[in-house]
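Colleague: My structure is below; once you've seen it, I'll send some questions.
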Amino acid sequence: MENQTLDLDVLIVEGLKVTPQSSVPAFILLLLIYIFIMVSNIGLVVLISTECSLQQPMYLLFCNMSINDVFGASTIIPRILSDVFIPMSQRFMSYNECVIQAFCAHFHAGIAHAVLIIMAVDRYMAICKPLHYAAIMTDRMVLGLSVWAWSISFLLVGILIGLSVRL
């Protein structure tokens, strides 16, 4: 076994364990999945924003989820696509890239959970208080809850990553 010395700011990335023969099919499959995610989510956002009948609280929350999915896919899949053709022994990532990717992945998950909680509250109001639903779940309330979801997730993940970076 050879003693290897690396710069402290460089990490070895394992990623997908793909043989050279299956790297092209894996790349094509991942690229098609990424294109499908982007087209479907951006199409959903455009549809909700242009169709007046879909501008209701639940559909605006779906729009939030679609924007979050575009963000999540754009932070993770391109890096995987770029590493498919690189041999496993040569996959490196700087420490700063790793921190940014960890922040984005956790931020994506935090927003997804927060928006799902808001959707649950929306359905609770619609089922348990149907006569007060329109007065409670206004566009302003949905906007406020959405801003709350994104800002709380940003704050909590920022604290998490900030404390982890110091180690």
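A Cβ is built for glycine as well, from the same backbone N, Cα and C atoms used for every other residue.
The transmembrane segment annotation in TrEMBL covers 26-47, 59-80, 100-121, 142-165. TrEMBL lists 40-167 with the feature domain 'G-protein coupled receptors family 1 profile'.
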Colleague: Could you put numbers on the helix, strand and coil content of the domain 'G-protein coupled receptors family 1 profile' (40-167), residue by residue per DSSP?
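Modeller: Breakdown, helix to coil: 109 helix, 3 strand, 16 coil.
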Colleague: What mean pLDDT score does the domain 'G-protein coupled receptors family 1 profile' (40-167) have in the model?
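Modeller: Taking every residue of the domain 'G-protein coupled receptors family 1 profile' (40-167) together, the mean pLDDT is 91.
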